Each structure stands twice: as structure tokens, then as C-alpha cells.
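Q: My structure is below; once you've seen it, I'll send some questions.
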């Protein structure tokens, strides 16, 4: 059992690591912004639209949620101002107090709620429908999945009324996993602690109370289902993972899984299908590893990514680079991996920093990372949120992924372990 002293020591280490990270930020990043939210957000996702502000800035939007103590929770659509590619980056503009770099000043770096929607309980996860980004699904501490059209809500709620567009019924417990079908509008999957995956078509007729029963309920896991994801290229295929340490691959037309794999040595918390390759997917686990799989031969994992120091709760592929994958979790770190570097020769000194496929470690958080999202419009830009209310928008220095600058001092770009 952890003692108070252990916690204090852990906090001290985290604080020291953060100071080192902050000192090296101008050398490791082209862009960093740190913002303290009013309440922690367990979920984050960039919306796909971008608006032009002026010659040097564009306005992006984020889907966030709140996790309050006893106050009203909200689903948030927030806007953020970001410098354009042709904005002049100046190292002298780095703000050590705010840990901001890359053109963000005290005004430009604000994250401001644009629309605030009443939500029943904290927002465990929120994701927009790819075909209509104004339609957002959320998971909460309650069993139902909620659907909102944020265009039908004012900037600030008029009262405390909770008014989702649709309530999706079918689960008996809460959960986190949520996935919209990228190829068929309106189809959505949800994973739950009740050991099932539910499937709905939100275009189907709902009852007078605005409720819609699940089209299908998939039962194959023997414990909590942690995550679910549609295949990106095959519209009827999806995967699920759970606390039974298994990866299940399903066809939506069949009630039993086509594949059932013992994927990890501990609970499997997340999965993601590669958007470029129809055969490749990744899973993240409490065993501190990310596993790479080929659907053509699931008997053996292709590779195990090992560098995290604690449970992994989120894994996502870059929308711009086929070989780039990121993972995050309890160790307060977000790791960016490059599959093309697997098996490359390393010096003993480099090996101490991690395997060759470990491209970058984002060390800006001092608490568990709850969620992160790749920006769909700006390559290499990531937004990550942690349990201590912190939201960070960041982009690693281009010499790290372009390998242009061989002269950068090793002590400066040393990965934060």
C-alpha cells in the first residue's frame, strides 16, 4: 500500500522531471501551449473545421468535457487560436512561466469555450460523427450513450435542463469505448463495463421520448469491455478489447467474434486500426506495452512497443503518416512511435533512451494523460489532456521527425524518461 511519503516523493520526482522538460522545450518543440482548464477533461478531440483569423493565425476547435466535483457538468466546444505555418517563430518569444513556445503569447494561447452544453454526469468520452461533425456522441457514468447536435444549443445553457437529441439504450453499466463508423453515416459502437458492445443506427426511428434501442448487442468478452473501434476501410468489421486480456475481431452481421486472441498479459485498454493499411492494428495494455497486429495472422503479434512505465489507456495512429503511432497513459507520458524504424541498429548510448522506433516522448504533463488527439489539419500537432486540468497543444521540432539536424547536442534533445 502506498504511503503519504511515497506520494510526496513521487510528486517531487514528477516536479523535477517537469522542470527539465520545461528547460528543454525550445529545443524539442516547434509549438507548445499549456492551458489550465476550469475542470479536468477526460476526453479531447479536434473538430475537422478550421477558420482563418488573420494573416498569422487560424482558429481550430476542440471537443472537451468536464469532470466536476458536484457541480453541473458540460460538453464543451472550445476554440483555440493557432499560428499558421508562415507565422514567424522566434525562440526569444518562449515564455518560461507559461511553458509556451512557437508564437503563443498571453492572448493568442487561450482556449475558450464556444458552446457549453449541459451533461448528465462527467463526460467519459466524446466523439463527433465523421460525416456530420456537428453530431457528437458522449459516454457518462450512466449506462446510456447520448447524442447531441451542438448547432441546436446556445453558447451558454439557459437553465440546468439536460436535453440530448437521442438517448441510446442497451447497456446496463457505464463505459469509455465509443466509435463512429467512418464509412456509413449514423452507425455507432459503444463498449461497456457490462461486458457487451452495443451497435446503433441513429438514423433509425426513435420513440417519442427520444430513445433508441440497440440494433445489436455483441457478447463475447468475459469481463469489462474497455474499448471498441470500427475498421477504417471495411465498413462491417470492428474490434473490441477488454479486461479479459483479449482482442476480439467481429463482423457486424454475426453475433460471435471471428477472432478471439489472448493479446496481452494484463487488461487491454485501447485499440486502433491503421487508417492506411487494411491489415494493421495496435492495442495498448495495462502490461505497459503497445502491441502491433496483422489481421491476416493474429496468432502472433508483429511487434511489442516497450518503453512506457505504467498502464497504457490510449493509442492512436497519425492521420498523416502511415507508420506513426502514439500512446499515452498513467505514466504521464505520450510516446510517439515510428514503425519504419523497428529493428534499426542503435548505439549503446541511444539504446538507453529507448528502442529505435521510439521517436519522441512528450513529457509536459505531471498527471495521468486521460486522452489525446492528432490534429487532422496540422501534421504533427497533438492536443493532450491530463487529470490535473492541464490541456497542452504541441508539435515536436521538425528536425526530430525529418532527421535534418545531425548536429543537435545529445543532451538537449535527450528524450525525457
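We number each residue from 1, going along the chain as drawn.
Glycine is no exception: its Cβ is also placed from the backbone N, Cα and C atoms.
Annotated repeat 'WD 1' per Swiss-Prot: 118-158, in sequence order. The annotation repeat 'WD 2' is assigned in Swiss-Prot to 170-210. Among the features that Swiss-Prot reports, repeat 'WD 3' is placed at 220-260. Swiss-Prot lists 263-303 with the feature repeat 'WD 4'. Swiss-Prot lists 307-347 with the feature repeat 'WD 5'. Under the heading repeat 'WD 6', Swiss-Prot lists 364-404.
Context for these features, please: burial, neighbours, distances.
A: Among residues of the same chain six or more beyond the repeat 'WD 1' (118-158), those with a C-beta under 8 A of the stretch's C-beta atoms are 41-43, 45, 47-49, 63-68, 72-75, 77, 164-169, 171-180, 182, 185-186, 188, 190, 192, 194, 198, 200, 202, 371.
For the repeat 'WD 2' (170-210), the DSSP-based tally of helix, strand and coil residues reads 0 helix, 14 strand, 27 coil.
In the predicted model, residues of the repeat 'WD 3' (220-260) average a pLDDT of 98.
Listed by sequence, the residues of this chain that lie at least six past the ends of the repeat 'WD 4' (263-303) yet keep a Cβ under 8 A from its Cβ atoms are 223-224, 226-234, 239-243, 245-247, 249, 309-317, 319, 322, 325, 327, 329, 337, 339, 342, 357.
Note on the repeat 'WD 5' (307-347): DSSP counts are 3 helix, 17 strand, 21 coil.
Within its own chain, the repeat 'WD 6' (364-404) has Cβ neighbours under 8 Å at 14-15, 18, 21, 25, 27-46, 48, 50, 60, 62, 64, 80, 82, 99, 102, 111, 125, 313-314, 316-321, 326, 328-330, 332-334, 336, 338, 413, counting only residues six or more beyond its boundaries.
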Q: Would the repeat 'WD 5' (307-347) count as touching the repeat 'WD 3' (220-260), i.e. at least 3 C-beta pairs under 8 angstroms with sequence separation of 6+?
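A: Output no: the repeat 'WD 3' (220-260) is apart from the repeat 'WD 5' (307-347).
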Q: Within the same chain, where does the repeat 'WD 2' (170-210) have neighbours whose Cβ lies under 8 angstroms from its own Cβ atoms, ignoring anything closer than 6 residues to its ends? I mean 6 or more beyond.
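A: Sequence-distant neighbours of the repeat 'WD 2' (170-210): 124-132, 135, 137-145, 147, 164, 216-230, 232-233, 235, 238, 240, 242, 250, 252.
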Q: Summarise the repeat 'WD 6' (364-404) as counts of helix, strand and coil residues per DSSP.
A: 5 helix, 19 strand, 17 coil
